[in-house]
Amino acid sequence: MNRDKLSEPCPKMEYIRNCAVDLCVEIAGISMKNPVMVASGTFGFGEEYAKIYDINRLGAVVTKGITLLPRHGNPPPRLCETPAGLLNSVGLENPGVERFIREEWPRLKKLPVPVIVNIDGDTVEEYREIAKRLSELNGLAALEVNISCPNVEKGGIAFGQDPGSAYEVVRAVKEAATLPVIAKLSPNVTSIQKIAAAVESAGADAVSLINTVLGMAVDIDRQRPVFKRIFAGLSGPAVKPIALRMVWEAYEAVKIPVIGMGGISTWRDAVEFILAGASAVAVGTAGFIDPEAPLKIIDGLEKYLVECSICESALKTSGEDKTIKLRDIVGLAHKNFTEGDFS
């Protein structure tokens, strides 16, 4: 991955006089000062990043995945760089829900931004139990349900690869939880629209996508797969076109908010996702290269809104102070495609 790309500055822009920008968004009843979140599995529990920059600038924090019981994760190697991304086979290493509540939550609840906990399970009942326990935490903003996990009760197929299984697990979490529920969708499906519609009908308050794309690497010296589990999750710039396409499709399939992620490295990437239908975006792998990538994206979004024609035309019509809202451009590419002239 190219560090220069991650640090790419916003082009020089002249701020239009009297034009204010409102980056605030609301997702599933969660008020966020801006639409930039950090993706699950790339931010730990936030402790390390808090030493680098002011987490208060973020729109929200999503923790690494939590399971009912502790998991040690997969054996090394766990990571393998690719020409345009990263393969990971971490294996959901985490302390388990009880230890998370006891050791991590007391610090996390003090963060000045909404905290969303990602949850994972092998059975519907495990998801239900985790949701029930976490709902007892005062101050937790929402649950993000990772439905990319294998369903051991149905031969190991991921919950998120089958509309019926996706519905079942999200419905169980909704019934057990007193918090908003965000369903995190897998890209390893034939129709993302069917899965998105299924979790919406199950009661999901929002969808987030995409999770990592299934891939693999081969060690040509040892002449065998790099990872013991053979397959791994691909993230980073390589998956951005796939993620963008699926966000577009999900936006057309559901009425609940869409949170976009997958290969977002710069503010330009974030704008693409928002125009395609994402009400918020999550930054993941880019943070490994440049920990401040989310903050640079926030700055770039603000400058983009000031510079874009929406702001200029609004001022021409009003002649007075005008606040330009980021939420006004969510999904705008759909309208412009319908009305646009490609000749």
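Glycine residues also receive a Cβ, built from the backbone N, Cα and C atoms like all the rest.
The candidate list Lys64, Lys109, Lys110, Lys194 contains one residue that TrEMBL assigns to the substrate site with Asn88, Ser89, Val90, Gly91, Leu92, Asn146, Asn211, Thr212, namely Lys64. Site annotation for FMN in TrEMBL covers Ser40, Lys64, Gly65, Asn118, Asn146, Lys184, Ile210, Gly262, Gly263, Gly284, Thr285, and the matching candidate from Gly233, Gly236 is Gly236.
Around Gly65 (FMN binding site), taking its Cβ as the centre, 22 other Cβ atoms fall within 10 Å, counting all chains. Straight-line distance linking the Cα atoms of Ile210 (FMN binding site) and Ser89 (substrate binding site), rounded to a whole number, equals 17 Å. Mean predicted confidence for the domain 'Dihydroorotate dehydrogenase catalytic' (23-305): the pLDDT average there is 95.
Using a 10 Å Cβ-Cβ cutoff, Ser40 (FMN binding site) registers 25 neighbours. With the fewest other C-beta atoms within 10 Å around its C-beta, Cys149 stands out among the recorded positions Cys149, Ile210. Cβ packing within 10 Å was compared across the binding-site residues Ser89, Asn146, and the lowest neighbour count falls to Ser89.
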